[in-house]
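Have a look at the structure below, then the notes.
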Amino acid sequence: MNHDPQDDANAAEQPADSEASTLHHRRIRSFVTRAGRVSPGQQRAIDELGPRFVVPYSPELADWDAVFGRNAPRVLEIGFGMGATTAEIAAARPGDDFIGVEVHEPGVGALLKLIGEQQLGNVRILQHDAVEVLEHMIAPASLDGVHIYFPDPWHKARHHKRRLIQPKFVSLLVSRVKPGGYLHLATDWQNYAEQMLEVLSADAELENAADGYAPRPEYRPVTKFERRGLRLGHGVWDLLFRRK
Ligand SMILES: C[S@@+](CC[C@H](N)C(=O)[O-])C[C@H]1O[C@@H](n2cnc3c(N)ncnc32)[C@H](O)[C@@H]1O
């Protein structure tokens, strides 16, 4: 994405991390809320398709079989951005259902647009913090897989606390995955890749499905942004772990 959330974090840092906000039990979030510009096409998709494909956040377990109208393997994607990868994977795997979680409104509109254009019946969207979605709306041991692609790297050391992949979050994530289910992560930030490998390897409930980093599974398409990075000689690291 063009926008660098770390800039917003610099601006938001004072209130978010101050002692006063700690007293109000505000947790450190992996994103900064920003008012993105929603294009007319995205807005139309939100108005027309939102009621069918967006699941409103509510702090209680959702009946996902009822939401999808079937019982199929279920994959949660956290931070789908503009949703291009989500749509491509959902189209390639029609037998699986995908719950995409994203806080950024233009991204929600963009994915809804793709859902409409490609007639995807197996995607639902939640526009909310994934941490709260996992805590409240997803039952323990209910997911077949989790996708987290290119999460914000929070590259400045003082922002590392905002990174999603930390031990506590990973235990929450793993608790929602069925035994044998998978976590698939990718990043183009080497230092974050190393953190991911360390944190996932240290979780007693997980086992690495590869030897260290994994080859990119075929179902994950190479994104435009990733292709450009690869051309510039940047690396991309995939990680594939299974719940024991
Ligand atoms: C760097 S972008 C990557 C987007 C996409 N996965 C891709 O590969 O292009 C990370 C996305 O994660 C979203 N995000 C970060 N923390 C989140 C959270 N706790 N819950 C939901 N979305 C989150 C951000 O809004 C942002 O769109």
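One-based numbering along the chain as shown.
Placement of Cβ uses the backbone N, Cα and C atoms for every residue, glycine included.
Listed in TrEMBL for this protein:
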BINDING   Glu77, Glu102, Asp129, Asp152  S-adenosyl-L-methionine binding site
BINDING   Lys156, Asp188, Thr223, Lys224, Phe225, Glu226  substrate binding site
REGION    1-25  region 'Disordered'
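With respect to ligand 1, the binding-site residues Glu77, Lys156, Asp188, Lys224, Glu226 contribute no residue with a C-beta closer than 6 angstroms to one of its atoms.
In the shown protein chains, 15 other C-beta atoms lie within 10 A of the C-beta of Phe225 (substrate binding site). Phe225 (substrate binding site) carries a helical DSSP state (H, G or I). Figure note: comparing Cβ neighbours within 10 Å for the binding-site residues Glu77, Asp129, Asp152, the maximum is reached by Glu77.
The C-beta environment of Glu102 (S-adenosyl-L-methionine binding site), restricted to residues of the same chain at least 6 apart in sequence and closer than 8 Å, consists of Gly79, Phe80, Gly81, Gly83, Val108, Leu111, Ile125, Leu126, Gln127. Cα distances from Lys224 (substrate binding site) to the binding-site residues Glu77, Asp129, Asp152 are smallest for Asp152. For the pair Phe225 (substrate binding site) and Asp152 (S-adenosyl-L-methionine binding site), the Cα-Cα distance reads 14 Å. The two recorded residues, Lys156 (substrate binding site) and Asp129 (S-adenosyl-L-methionine binding site), have Cα atoms 22 Å apart. When secondary structure is read from DSSP and collapsed to three states, Glu77 (S-adenosyl-L-methionine binding site) falls in the strand class. Sequence-distant contacts (6 or more apart, same chain, Cβ under 8 Å) of Glu226 (substrate binding site) comprise Phe150, Asp188, Val236.
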